[in-house]
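*Asks:* Residues or ranges marked as domain 'CP-type G' by TrEMBL: 107-266. If you look up TrEMBL, you'll see 117-264 marked as domain 'EngC GTPase'. What TrEMBL lists as GTP binding site is S156, K157, A158, D159, G208, S209, S210, G211, V212, G213, K214, S215, T216. The feature Zn(2+) binding site is assigned by TrEMBL to C289, C294, H296, C302.
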Amino acid sequence: MNHLTNEQTLKSLGWNEYFADHFAPYAEQGYSVGRISLEHKRIYRLMSEHGELLGEVTGKLRYEATGREDYPAVGDWVVINPRVEEKKASIHALLPRKSKFSRKAAGDTVEEQIVAANVDIVFLVNALNNDFNIRRMERYLILAWESGASPVIVLSKADLCDDLDARLAEVESVAIGVPVHVVSAEHGEGLEQLAPYLGEGKTIALMGSSGVGKSTLINKLSGSEMQRVSEVREGDDRGRHTTTHRELIRLPEGGLMIDTPGMRELQLWEADEGFRGAFDDIESIAEACRFNDCQHEREPGCAVREAIEDGTLEKARFDSYLKLQRELAHLARKEDARLKAAEKDKWKKINVEMRQRKPKR
Ligand code: GDP
Ligand code: ZN
């Protein structure tokens, strides 16, 4: 990598003005940057202008962290102090995330766990065979809008579909303004449509249920067999996956792909902007309801119920909207309790620190 200037190296890793701006104060103090390519029990593998390094967070970062989301995740840009000879680095801080995918951390607590950061484009993969599920697509769209990454719908296994037009019409009814591409990864068909998303410095990720063909697609796009394709048994959508050693992978086209196991198990987490983006059609119908806070139940002058009756709005889509709204409300209540506890904890720490700092007289 020596023939490249530092700037070029960073650009090829996804560096841009946004990160450069936030890094400026650290640069003045002589720090370097790196991008996390793997997390392993709080040891991080990162790519940098000094090559690949193993990083550990400093005590200060640990001390100031109020939750898991304050620790580095795959795709994060981090402020480092490299020890090039040892191929190690200490991680001082995270640069703000341009986008993030998160889920509930395992266990009873409602803690946010970042599964991928700084994704520019997310391919929402749905198979065109019997697994095809438009309601699931809706959920993925919410997650995508919420993340800050731009969604692109990839309909896979085109070779197993004989009513493509009907499927496309269905997809277009929920994915307003989102690009849709039809591919058959197994046969390498339609993949050239995805090339424009994979250029230099672009970070992409794939989302979709197990068995829809994500690994096959990743293999084709990355031009290698680093992702072993799992065998999926008939009627069983739980494929097995072999883990790769790097979860941030460079693509031959110059882009980068984030492929973390967490991306595969994403469930709905806090979503507000995302929810509104995904249900734009319903939200805009609801603007015509007589009451601002219309619940679309029995209120007079409800435009949503009218739309269902006259067939403009599909009942199933409205039901899905209500169901997701309830799930989100439930999560929001739990998250609120956690945030309050974290805030209390933070102030406790600050108080202790202040008391220790008090000058002795
Ligand atoms: P993942 O779980 O989403 O990573 O899915 P995989 O890539 O492991 O694929 C699941 C199964 O679908 C494998 O048996 C693949 O060979 C098969 N598959 C993937 N892409 C296609 C395709 O375009 N057409 C057909 N017919 N099968 C495919
Ligand atoms: Zn209404």
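Please read every residue number as a count from 1 along the shown chain.
Keep in mind that glycine also has a Cβ here, set from the backbone N, Cα and C atoms.
No curator has checked TrEMBL annotations; they are predicted automatically.
Since we're looking at a predicted model, the values are computed, not measured.
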*Asks:* Looking at the binding-site residues listed here (C289, C294, H296, C302), whose Cα lies nearest to that of T216 (GTP binding site)?
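*Replies:* Result for T216 (GTP binding site): the nearest of the binding-site residues is H296.
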*Asks:* I need the neighbours of the Zn(2+) site defined by C289, C294, H296, C302. Which other residues of that chain put their C-beta within 8 angstroms of the C-beta centroid, in sequence order?
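*Replies:* Output for this site, in sequence order: A286, R290, F291, Q295, E297, E299, G301, A303, V304, R305.
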*Asks:* Between C-alpha atoms, which of these binding-site residues comes nearest to K214 (GTP binding site): C289, C294, H296, C302?
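*Replies:* Nearest listed residue in space: H296.
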*Asks:* Go through the binding-site residues S156, A158, G208, V212, C289, C302 and pull out the ones with a Cβ less than 6 angstroms from some atom of ligand 2.
*Replies:* C289, C302
*Asks:* Under a three-state reduction of DSSP output, how is A158 (GTP binding site) classified: helix, strand, or coil?
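*Replies:* SS state of A158 (GTP binding site) = helix.
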*Asks:* By a 10 A CB contact count over all chains shown, which of the binding-site residues listed here is most packed: A158, V212, C289, C294, C302?
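*Replies:* Neighbour-count leader: V212.
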*Asks:* Take every residue in the domain 'CP-type G' (107-266), average their pLDDT values, and give the whole-number result.
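*Replies:* Here the predicted model's pLDDT, averaged over the domain 'CP-type G' (107-266), is 81.
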*Asks:* Have a look around K214 (GTP binding site) and count the other CB atoms within 10 A of its CB, chains all included.
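*Replies:* Step by step: centre on the Cβ of K214 (GTP binding site), count other Cβ atoms within 10 Å, giving 27.
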*Asks:* Just the number: how many Å between the Cα atoms of C294 (Zn(2+) binding site) and S156 (GTP binding site)?
*Replies:* 39
*Asks:* Using C-alpha positions only, work out which of the binding-site residues C289, H296, C302 is nearest to V212 (GTP binding site).
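*Replies:* Closest recorded candidate to V212 (GTP binding site) by Cα: H296.
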